[in-house]
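Notes for the one structure printed next.
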Amino acid sequence: MCFLNVLSCDTSSFFVLLCAMDVCLIQTLVLFCSLICCFWADNPSNKSTPNIVIILMDDMGWGDLGVFGQPSKETPNLDTMAAQGMLFPNFYTANPLCSPSRASLLTGRLPVRNGFYTTNAHARNAYTPQEIVGGISKDEILLPQVLKKKGYVNKIIGKWHLGHRAHHLPLEHGFDEWFGAPNCHFGPYNSSDRPNVPVYNNSQMVGRYYEEFGIDKKTGESNLTQIYLEEGLDFIFHQNMAQRPFFLYWAADATHAPVYASKRFLGKSQRGRYGDAVMELDYSVGQMLAWLRALGIDKDTFVFFTSDNGAAVMSGPKQSGSNGPFLCGKETTFEGGMREPAIAWWPGHIPAGTVSQQLGTVMDLFSTSLSLAGLSVPDDRLIDGLDLSPVLHNNTLINRPIFYYRGNEMMAVRVGPYKAHYWTWSNSWEEFNQGINFCPGQEVAGVTTHTQQEHTMQPLIFHLGRDPGEKYPISAGTKEYQDVLSRITAVVEKHKKGLVPGVPQLNMCDMAVMNWAPPGCEKLGKCLKAPKSQPWKCDWPH
């Protein structure tokens, strides 16, 4: 099957022509196009400034990929990507919730440093719903801002989620282009109480979810992933033709509840609607990699695939994925909430079929991307991300800890195969008794607690190699426990000594700041009247 037949044929005359052709002719034209591109190019192999593509899934779990053991084997393109690149079984997000993890990816800094946390209550997850006043701080330096120094053209496709007020949007923070939305695709809403979320093309809205950009919550049908794929292929094509290095941040959100897929994929998975969404995203990744190969720039393009946090198992089996053998899921600092699927792909540079045991985080994508582009990380602030270039090229191992934060509290830390919990909490008894369960079928006595339990004097320590499900704490009376505690204590003390929290951006809410009248609404006749400003301290229940 030709990898371009997914396109809706409305991006450019080039793609319109392709969509009108049969499969064999399309493949011939793609080859011809590749040869022409190479002929025109003054420097067809620009290895000093490789293109960078970061593919970020939304609420996709570690156990959703066939390469990690998903029995349905419905991710053939991602499994092939792993076979052609490097698989990271020990890769983490910086927070078990969407907005803070995305802020950390683009800044290379923990949420407690970049301001994407709250101090309204202890150890609470916070994000950027429509009523949030804050967003990414102007004082933070984002990856695309630094890449501009080397002439990169930067585009984000999909979900931003770092603030929706005008000064927080992507084009104000280093991106040259954007197609997507500032918030989650929740809705539909009654516009008198809450507006539907806008979809932007660069700095202007071009419609709203559930209006111009439909999502059928009953059937799960939506063409958004198709649109995002087309935008990605088009961007890659045009930057390649212009011989400009590019950074593409492709942040589709189909696996976030309410999950959706296009008609072509609905009903095709053995895993229901969520599986349909995964199949379409897997297909989309395959199309992008095939497009890079067809254009002859696969060896000049570093691609990294991962997810923003663990599967949202509290959403139920029809709306969430799998975290494999790991405990709990999204919102928690157990492994299921923060360990992510991760694959690096760069033909000719990353040895194919490699499995790295390196402890990695999304923050490393900041430092690694800059290193590959020949740039240094900002030297006026502490950067938590590491440069994984030696890992990618030589599969070396870099000794480093992993910190698990929930809001303003360091809940746990991993050093080597050991993980120590200084605080445990899944969610409150009140929520749990209402049927909201962050650890369905996985309750572990004394571990998945429904009150915040402090263990700072005697942390719960697990060996994740022997016990990936965090079910059996090592006995505090053993020599192993004492030796490990000594090592971890030194790491924690050093971390806390150098920690300077950023100004919290997720404390204040106000109905007046919602997406009532985004830029471009006048042209569409879709401006709504905002209520009077009445700010309050946001309530973050978990």
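Each residue, glycine too, has its Cβ placed from N, Cα and C.
What you are looking at is a predicted structure, and each value in this text was computed from that prediction instead of being measured.
In TrEMBL this protein carries:
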- 50-374: domain 'Sulfatase N-terminal' (DOMAIN)
- D58, D59, C98, D308, N309: Ca(2+) binding site (BINDING)
- C98: 3-oxoalanine (Cys) (MOD_RES)
- C98: active site, nucleophile (ACT_SITE)
- N223: N-linked glycosylation site (CARBOHYD)
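Same-chain neighbours of the Ca(2+) site beyond D58, D59, C98, D308, N309, judged by a C-beta within 8 angstroms of the site's C-beta center, are, in sequence order, M57, M60, T93, L97, S101, D253, H256, S307, A312, K330. Cβ neighbour count for N223 (N-linked glycosylation site): 18 (other Cβ atoms within 10 Å of its Cβ, all protein chains included). In this structure the alpha carbons, written CA, of the residue listed as 'N-linked glycosylation site' and D58 (Ca(2+) binding site) are 17 Å apart.
Less than 8 angstroms from the CB of C98 (Ca(2+) binding site) sit D58, D59, Y127, K159, H161, C184, H256, D308, N309, each of them six or more residues away in the same chain.
In this model, the domain 'Sulfatase N-terminal' (50-374) carries an average pLDDT of 98.
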